[in-house]
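Database features (TrEMBL):
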type	residues	note
TRANSMEM	65-83	transmembrane segment
TRANSMEM	90-113	transmembrane segment
TRANSMEM	133-153	transmembrane segment
TRANSMEM	182-202	transmembrane segment
TRANSMEM	208-234	transmembrane segment
TRANSMEM	365-385	transmembrane segment
TRANSMEM	405-426	transmembrane segment
TRANSMEM	489-514	transmembrane segment
TRANSMEM	534-552	transmembrane segment
């Protein structure tokens with residue numbers, strides 16, 4: 001009787017096949033969803049915690065949150081680098097989850113122990129004790145730790161989930177990935193809604209101890225669930241990082257600065273990947289072409305035509321990829337000011353806190369929950385645009401996507417100008433009514449004006465985000481080779497980080513200049529004495545200037561719809577525009593999570 005013998009390699013393959021799939025989703029999606037509920041729920045109402053419990057003024061509190069957002073949006077770039085180059089996605093997510101839990105627990109401790117905060121005093125009192133260095137250090141440490149944790153979870157979660165389903169040999173692979181992306185973003189959207197409604201409501205009704213304890217408990221559950229599913233995951237090993245490849249191009253080009261350029265239309269002078277159609281670099285940013293010049297074929301190349309030393313010779317593909325990245329930088333920079341507009345989470349909360357927030361009967365919408373209108377607008381508009389607007393507009397534009405990507409970004413920038421202008425007009429009306437009612441010196445009084453007047457500016461912000469932010473990510477994906485798809489997300493997150501830094505700088509400048517002469521700051525603790533409407537007009541002027549700057553950059557960039565062929569494997573997909581419209585990448589860009597997610 002013959003027995004089938006199974007080799008150890010076959011056993012490993014068999015075990016690997018049994019990993020991944022739908023059964024891993026509860027662990028991965030729960031990890032991402034609970035992290036969003038915890039982090040976003042904390043950020044939405046944090047300005048009130050800083051001003052009421054730590055007695056920080058409005059400008060300082062806003063600056064702290066801007067800087068927190070900047071660090072949190074920068075860290076995913078570092079997390080993606082560590083994931084791609086050294087640790088792999090599973091380890092980075094696991095570390096990020098544990099670190100985030102520690103950060104939330106530290107924040108919870110600041111509410112749990114009175115010694116961690118300055119003594120309580122009545123809001124608006126002149127003799128409130130300011131926090132000491134140790135108290136601020138503990139608070140800021142919690143923010144920093146959560147930012148580090150977010151840097152591990154956010155850049156890797158979606159890709160790690162896709163790893164569990166991605167099987168190119170399966171003819172239904174693309175449809176399976178589309179279903180996963182839809183399910184993933186639906187869960188993220190729901191978690192965001194819960195964050196800015198339920199968590200904020202708990203904080204206002206049950207206090208900060210319970211309000212911070214619930215996110216800590218959810219994050220603990222997220223950590224346990226993710227680690228419990230460890231044995232079920234498909235874990236893709238770390239590979240060479242694109243950032244390293246870009247660095248190699250710059251270093252090698254500098255090393256070869258003394259080399260002369262080969263004659264045009266000459267073959268064999270440039271090093272390119274086997275089977276690639278890119279056999280020579282373009283003439284744009286010509287200096288970088290020196291990175292792929294072959295100086296000595298016997299020394300520079302191995303037997304298989306690969307570079308013997310990557311830090312001495314790069315491929316044409318590496319050079320052109322870096323050029324593509326450099327080329328989009330001007331258009332990327334136009335997203336910084338709109339990121340400032342999108343990140344205006346602090347001051348609208350302070351405004352809502354001084355207005356009538358009653359919705360039905362005695363039920364009041366928490367001041368930190370008005371951001372949900374931006375999320376609802378974004379979500380609803382994306383569905384309307386994809387199902388109704390695109391089919392109608394495509395009849396006139398002859399584009400399968402309706403509007404071009406640059407048109408979508410430009411429309412978003414244009415709408416953002418109206419968002420800040422409306423905010424300025426509403427604040428002017430609110431302040432005028434407060435002064436008319438004799439509340440100029442009462443910073444905590446509620447003005448006889450419905451907080452629902454704040455809804456239009458939130459809706460316009462969500463609409464601007466739906467056009468510009470999603471258009472940005474879509475644009476990056478369409479202009480980069482397949483190997484650089486992760487750079488699109490990293491660029492967007494980096495833009496949000498710079499936007500938060502610029503937002504902090506603007507608040508600091510406005511606060512400093514407006515106080516000259518002894519008058520109250522435009523962003524004073526007392527909204528009725530300040531001029532927040534002037535602050536919004538400053539943002540409007542910057543947004544209008546940025547819109548015209550975008551028009552200039554857009555024209556300088558040229559067409560973004562020309563077919564691009566990066567290598568043999570991508571030729572068919574890049575040459576057929578419908579391939580991108582029907583691919584999972586379109587679902588990523590179209591359904592891309594709100595930048596409000598990155599606000600923490």
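Numbering starts at 1 and runs along the chain as it is shown here.
The backbone N, Cα and C atoms fix where each Cβ goes, glycine too.
In this chain, the transmembrane segment (405-426) does not touch the transmembrane segment (133-153); fewer than three CB pairs sit within less than 8 A of each other, excluding pairs fewer than 6 residues apart. Using a Cβ-Cβ cut-off under 8 Å and counting only residues 6 or more beyond its ends in the same chain, the transmembrane segment (534-552) has close neighbours at 331, 334, 336-338, 340-341, 344, 347, 409-410, 413-414, 416-417, 420-421, 423-424, 427, 506-507, 510, 514, 522-523. Note: the stretches the transmembrane segment (208-234) and the transmembrane segment (90-113) are in contact (3+ CB pairs below 8 A, sequence gap of 6 or more). Within the chain carrying the transmembrane segment (365-385), a Cβ under 8 angstroms from the stretch's Cβ atoms is held by residues 44-45, 47-48, 189, 192-193, 196-197, 200-201, 203-204, 345, 348-350, 352-353, 357, 359, 402, 451, 454-455, 458-459, 461-463, 465-466, 470, 590-591, 594, 596, all 6 or more beyond its ends.
Under 8 Å from some Cβ of the transmembrane segment (90-113) lie the Cβ atoms of residues 31, 35, 38-39, 42, 53, 79, 82-83, 135, 138-139, 141-157, 160, 207-209, 211-213, 215-216, 219-220, 222-223, 226-227, 230, 233, 235, all in the same chain and six or more residues away from its ends.
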